[in-house]
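For 22-137, the entry in TrEMBL reads domain 'Acyl-coenzyme A oxidase N-terminal'. The domain 'Acyl-CoA oxidase C-alpha1' annotation in TrEMBL covers 279-354.
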Amino acid sequence: MPSAENQQQLDIAAERAKCTFDPSQLTALFYGGEEKMKRLKAIEAMVDAEPVFDRSDRYFLGRTERFKRALPMVKRYVELRNEHGLTPEEAAHFKVYIDDYIPVHLHESMFLPVLRAQASEEQLKVWGPHAENYHYIGCYAQTELGHGSALSRLETTATLDLATDQWVIHSPTQSSAKFWIGTLGKMANHAVVQAKLIIQGKDYGAHPFLVPLRSLKDHTPLPGVIIKDQGPKQGAISMDNGYARFNHVRIPRTNMLMRFSQVSREGVYSKPIHPKLAYGGMTAVRTTLINHSALSMARAVTIATRYCAVRRQGNVNLKTDLETQVLDYPAVQYRILPLLSHAFATIFSGYWMNE
């Protein structure tokens, strides 16, 4: 009789032999096509070849240890991204395959997309190189302690001072604190801050502003910027979520992201051709969440399916003297197989949404 380990290998092989189609074709479809799969598989091999991305000990580490360990991951990731000229999509896959929340995850998944979508061409010429090359490390500060992501309820204000040609960014209450902002706790030196735009007492609603947070010389918070690291949390424990309040922080008028809305030196506000354009950057970000949820579901259901194929429990077959594979119980199939199909449906929905 084979050992338990050998029996598990036999069980997996027997299950795979029952397949009625070519799994490689489905794999390519899951990745988004044969050519795309080859590129992404090459990126996966690139990650596997780097010892800095080893994650075998992650569950033995505390939050501080994982955060410190993630910093060389960030450095090596940026080096490889630049060396191989990875596209934003390929870079995103690289980070997904690392399978750890590196502390600058929100820089590329939220700060950069919003900057690219909402900043004017002139602003991107100035800010873009710094942001793309990690001289600026950014976060996206929309969520507030008292209001979540309810954009119309945000309290943080950006009031135009016509005399100095500056915006005054201010958190008037405790509930207006920007809260649970990824990359803010330790890493970010800039933020795209959603704040109510106010000119001569008139509220024009929430708009995005580029706000420096920390000194580029010694990384200390700038005057008027109060930042707290929110500490350990379940799950993404190497992500440095943070809390921030602004005490009359002054930034240039031109730090308002002005692709769709503009404010002149005279304080004249020009509204966008459509009020929903300001949501474009976040809409693009949120479509990627569909794919991320599908990948998480696919990973979980793959682990569950493989385990149920090799785990034997219950009725004994008198011919083989083996207990029944758990995967053969209808109650287990009822729970697992719909999730398997759901993972495929979700990944394809994500591709459609991105298009």
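From the backbone N, Cα and C atoms, a Cβ is placed for every residue, glycine too.
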Residue counts (helix, strand, coil, in that order) that DSSP gives for the domain 'Acyl-coenzyme A oxidase N-terminal' (22-137): 89 helix, 0 strand, 27 coil
Within the domain 'Acyl-CoA oxidase C-alpha1' (279-354), residues counted as helix, strand or coil by DSSP: 60 helix, 10 strand, 6 coil
Model confidence over the domain 'Acyl-CoA oxidase C-alpha1' (279-354) (mean pLDDT, whole number): 89
